[in-house]
Amino acid sequence: MFKLGLCETDSPMAHNTDGEMEMKEMDIKSMSSSQRHIQYFPYIHKVGVPPKQDLFKEFTTTVKETFFADDPLRHFKDQPKSRKVVLGLQAVFPILEWAQSYNLSKFRGDLIAGLTIASLCIPQDIGYAKLANLAPQYGLYSSFVPPLIYAFMGSSRDIAIGPVAVVSLLLGTLLQNQIDPTENPAEYLRLAFTATFFAGITQVTLGFFRLGFLIDFLSHAAVVGFMAGAAITISLQQLKGFLGIKHFTKKTDIISVMQSVFGSAHHGWNWQTIVIGATFLAFLLVAKYIGKKNNKLFWVPAIAPLISVVLSTFFVYITHAEKQGVQIVKHLEKGINPSSVNQIYFTGDYLLKGFRIGVVAGMIALTEAVAIGRTFAAMKDYQLDGNKEMVALGTMNVVGSMTSCYIATGSFSRSAVNYMAGCQTAVSNIIMSCVVFLTLEFLTPLFKYTPNAILSSIIISAVIGLIDYEAMILIWKIDKFDFVACMGAFFGVVFASVEIGLLIAVSISFAKILLQVTRPRTAILGRIPRTNVYRNTQQYPEATKVPGVLIVRVDSAIYFSNSNYIKERILRWLTDEEEHLKAEYLPKIQFLIVEMSPITDIDTSGIHALEELHRSLQKRDVQLVLSNPGQVVIDKLHASDFANLIGKDKIFLTVADAVATCSPKLAEEI
């Protein structure tokens, strides 16, 4: 009772207490109201407009990023002239750099690796030369000079240089389309050297002018399909030597080859040849399987081809199987590479033909070599300069064309053996080259009785690895369009020809680029529940659309090639949404927000398309709003006065800011 009476008293203290409580209550209400106001209408940061850049500086920056993205001259900065000279020589000849730290331990690894890949390359080179319709010694020539040049100029520690199956087949196919190798062998050989010369010139040019990115236009999927198709074609071509057929089709498609094979079944097959080929093919495949199962036994599949050649040659020699119809190598020229400078066509009708063949074969050789080099560089965690590689590969082919070599490049099978054998530097290529030199000088007569069947078996066992079915399955899972490119290249090579398959591979690769550029993806965005984040409603079905607002994201730069499509696609999104809202009796769209984060650039056609979009939206009483344009885009929007056209207050930093302004009721709910 006493407390009640005290509370009800009219004393001044009581009045003061009541007044203070009322003031506090008003302050709390005011603070609460203020907090709600801040929450409903948060601070919105304006989109920054970059300062004007100097035109020359902008141009030089663009050129630098296009051609000198790796900043190749960074090592020369703040260096004395004498040091710059040394660095310049090391840039051209990387051997001058790594040779300073070379030691006996590294030489031991390179010696073992060099001897191992030499035992693999000698029988392969003889077989690959036949693929190119050349005499066997030209395959060995191409594993003598080019590896020496590459050892001084190349930057890869693991790549093994020499002729490869795919390039040999491609070169042979393109050359015989111009000259018959049996009727005009001398002219055919000259055209081969001419094509090799221009292949080297193409490679050097691409590397010197830093245009290596051009080879990336041949997609990985297309390369996988092309290589697999080439492997099938090469294997089919080997049936001539494997079965002992004397008269064989010059066409490479599977139908013509099968007709030729079965057409000569009754009178053209030689059973002794088949026994030799099948026996040693089985031996090579078993050796390959052993090496794959146990990496420590890498030397088994590496030395198996040489063992096969030695045993089969000895068997033919003692049994005189050549008299029973077994075809043999016969003559293999003794001695090192003769000069061929005078045999290259620098004038006449064959000059242009050699140039065309050289460019095509050189690009394929370059693609294979750079891919192999990058693969092993990543495995050993060192950097590989693609442009330096192109200069090195091109130089060795130019020099090779003048020393009786045909196109050489990086061999995946030999490089893999080189890597597993413990190579440390490019000295392994020098060791291999020395072994080939000794073979040319002293051992070539021993190959006289080597049966062609064993060479066919070696090539078949080597190219089987090019059929990467696991990569094909992965391509199917990841990207169906890539799989179409892969299969297009594969079937083009198998059922038509190597050049048709290559053309299909390049065409589909370019078609994919054009499709992605001209038909970019767009998406409708919605708000993720309990967040202020807006994402694709197809990826996040739980994302809700904002009433009265349509949010569209464009996932590409806007150029002349796609600007009209983007404008029409956005309007189609709007039309579809309005029809849906009308059917559901929901409020119509008042704002269209374009999320511009993925738009890296825009040209004048893109600006014009946005202006047309703005006019179309005005006719529908819909306001265009832009969200988060990048530095380049916002600069061009202001330069074109488009920002003033729609209103600078209609350009926001985030989608959430745009929604908060366009739909304050939703912002209050959030």
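Cβ atoms are placed via backbone N, Cα and C, with glycine included.
Database features, via TrEMBL:
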type	residues	note
TRANSMEM	159-176	transmembrane segment
TRANSMEM	188-209	transmembrane segment
TRANSMEM	221-239	transmembrane segment
TRANSMEM	269-290	transmembrane segment
TRANSMEM	297-318	transmembrane segment
TRANSMEM	355-379	transmembrane segment
TRANSMEM	391-413	transmembrane segment
TRANSMEM	419-440	transmembrane segment
TRANSMEM	452-476	transmembrane segment
TRANSMEM	488-511	transmembrane segment
DOMAIN	539-662	domain 'STAS'
Same-chain residues at least 6 beyond the ends of the transmembrane segment (297-318) with CB under 8 Å of its CB atoms are 116-117, 119-120, 122-124, 276, 280, 283-284, 287-288, 290-291, 326, 328, 417, 420-421, 446-447, 449-451, 453-454, 457-458, 461-462
One stretch in 159-176, 188-209, 269-290, 355-379, 419-440 has more Cβ pairs under 8 Å to the transmembrane segment (391-413) than the rest, namely 188-209
**OP:** Run the contact check on the transmembrane segment (188-209) against the transmembrane segment (419-440): 3 or more C-beta pairs under 8 Å, excluding pairs closer than 6 in sequence.
**Re:** no
Across the domain 'STAS' (539-662), the model's average pLDDT, rounded to a whole number, is 95
Across 355-379, 452-476, 488-511, the most C-beta pairs under 8 Å with the transmembrane segment (269-290) come from 452-476
Per the Cβ under 8 Å criterion, with at least 6 residues separating them from its ends, the transmembrane segment (355-379) contacts 155-159, 164, 166-167, 170-171, 174-175, 178, 191, 194-203, 206, 212, 215, 218, 223, 386, 389-390, 393-394, 397, 407-412, 415, 419, 499, 502
Checked against DSSP, the composition of the domain 'STAS' (539-662) is 62 helix, 21 strand, 41 coil
Lying 6 or more residues past either end of the transmembrane segment (452-476) yet within Cβ distance under 8 Å of it, the residues of that chain are 123-124, 126-128, 130-131, 165-166, 221, 224-225, 227-228, 230-232, 234-235, 238-242, 244, 273-274, 276-278, 280-281, 284-285, 288, 305, 308-309, 312-313, 326-329, 412-413, 482-483, 486
